[in-house]
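Enquirer: Here it is: the structure, laid out below.
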Amino acid sequence: MTDHVREADDANIDDLLGDLGGTARAERAKLVEWLLEQGITPDEIRATNPPLLLATRHLVGDDGTYVSAREISENYGVDLELLQRVQRAVGLARVDDPDAVVHMRADGEAAARAQRFVELGLNPDQVVLVVRVLAEGLSHAAEAMRYTALEAIMRPGATELDIAKGSQALVSQIVPLLGPMIQDMLFMQLRHMMETEAVNAGERAAGKPLPGARQVTVAFADLVGFTQLGEVVSAEELGHLAGRLAGLARDLTAPPVWFIKTIGDAVMLVCPDPAPLLDTVLKLVEVVDTDNNFPRLRAGVASGMAVSRAGDWFGSPVNVASRVTGVARPGAVLVADSVREALGDAPEADGFQWSFAGPRRLRGIRGDVRLFRVRRGATRTGSGGAAQDDDLAGSSP
């Protein structure tokens, strides 16, 4: 390389360093030089601060090319209105002008795939709903993947160039594995859903899936004192604790019990049959109680008619179970009388021990709710088929 060319290159790099000075400027200069060698354009570098992961972003489809919604519509033969609905469903910024060149090319291609499903006869509204649910789930997965990858390459004293090279090298090996892994996991979920969610007689007669509510039992379990714990430990430690609870709940959950979601320091489980759900919740509380690294757990359970929408559940038992959890004592599994009713004439037959905790008025719930504590073991006799017990926390949620 001649001195003239080297001086020109140095001038170009200098233009991309902004107002950095000293060691930071020298470190950024090495990164920028490497990025240019990887084919990253100066405009991309200027638009990204810091540009550590630009080379890695190229590996996952960000080539710096932007297009308009109309271009995507015309290039892929997708209805413009459907495309814009799908773009909003996946979380892209709302842009009313279809000719605005603001969409990443790869993002546009992903959204355009929805057209094919509509052509196969699927309801466009349902296609948009599926896209939204996928995007929400995959956004959480992407966040976890980012943290996992960075944890693998970050080292004390690592320079910007070290991180950029390490990220590119690792992700280049990971990218070919992601598609097959996600496909396999999705198919696994579809298989289990088809196994546990058979088409019922009413749906066959109606000729369509019935959207109405159905009888289920709902449970919430949350960590006691989690909010106060946030005042004495770091946010990262809190997140790790909540993640451990979610992982433990998933480990203990098997069909017909479904792990639905986490809400901060709480987990939500649902089952068509109350007995397997009670068994799972009792196991969860028992395991947490034996782990000194966990705060104590409490759980609330209720049965009733609820409806499923986009992976979540809505209805009276959801509200009641949440409120019951809020009045349970640490280490207790507290259930509404609707659960005993759902179990039928012999609630003790499944090996549960019941104790009456009294009636309670719960915020947002009409009338008093009769509450029981459920444990494992032989049945204790008493008034109403259950012994008297005081398992209510001192204040209503």
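The backbone N, Cα and C atoms fix where each Cβ goes, glycine too.
I grabbed these lines from Swiss-Prot:
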type	residues	note
REGION	2-191	region 'Regulatory domain'
MOD_RES	Thr2	N-acetylthreonine
REGION	192-206	region 'Linker'
REGION	211-397	region 'Catalytic domain'
DOMAIN	217-325	domain 'Guanylate cyclase'
BINDING	Asp222, Asp265	Mn(2+) binding site
BINDING	Lys261, Asp312	substrate binding site
BINDING	Arg298	ATP binding site
Enquirer: Quick one: mean pLDDT on the region 'Linker' (192-206)?
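Expert: That stretch averages a pLDDT of 58.
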Enquirer: Arg298 (ATP binding site) to Asp312 (substrate binding site): how many Å between their Cα atoms?
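Expert: So the alpha carbons of Arg298 (ATP binding site) and Asp312 (substrate binding site) sit roughly 22 Å from each other.
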Enquirer: Sorry to bug you, but what's the C-alpha spacing from Asp222 (Mn(2+) binding site) to Lys261 (substrate binding site), rounded to the closest Å?
Expert: 12
Enquirer: Provide, as an integer number of angstrom, the distance between the C-alpha atoms of Asp312 (substrate binding site) and Asp265 (Mn(2+) binding site).
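Expert: Cα-Cα distance, Asp312 (substrate binding site) to Asp265 (Mn(2+) binding site): 17 Å.
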Enquirer: For Asp312 (substrate binding site), just count the other CB atoms lying within 10 A of its CB, please.
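Expert: Taking all protein chains shown, Asp312 (substrate binding site) has 13 Cβ neighbours within 10 Å.
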Enquirer: Identify, among the binding-site residues Asp222, Asp265, the residue whose Cβ has the fewest other Cβ atoms within 10 Å in this structure.
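Expert: Output over binding-site residues Asp222, Asp265: least Cβ neighbours within 10 Å is Asp265.
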Enquirer: Hey, which of the binding-site residues Lys261, Arg298 is the loneliest by Cβ count within 10 Å?
Expert: Lys261
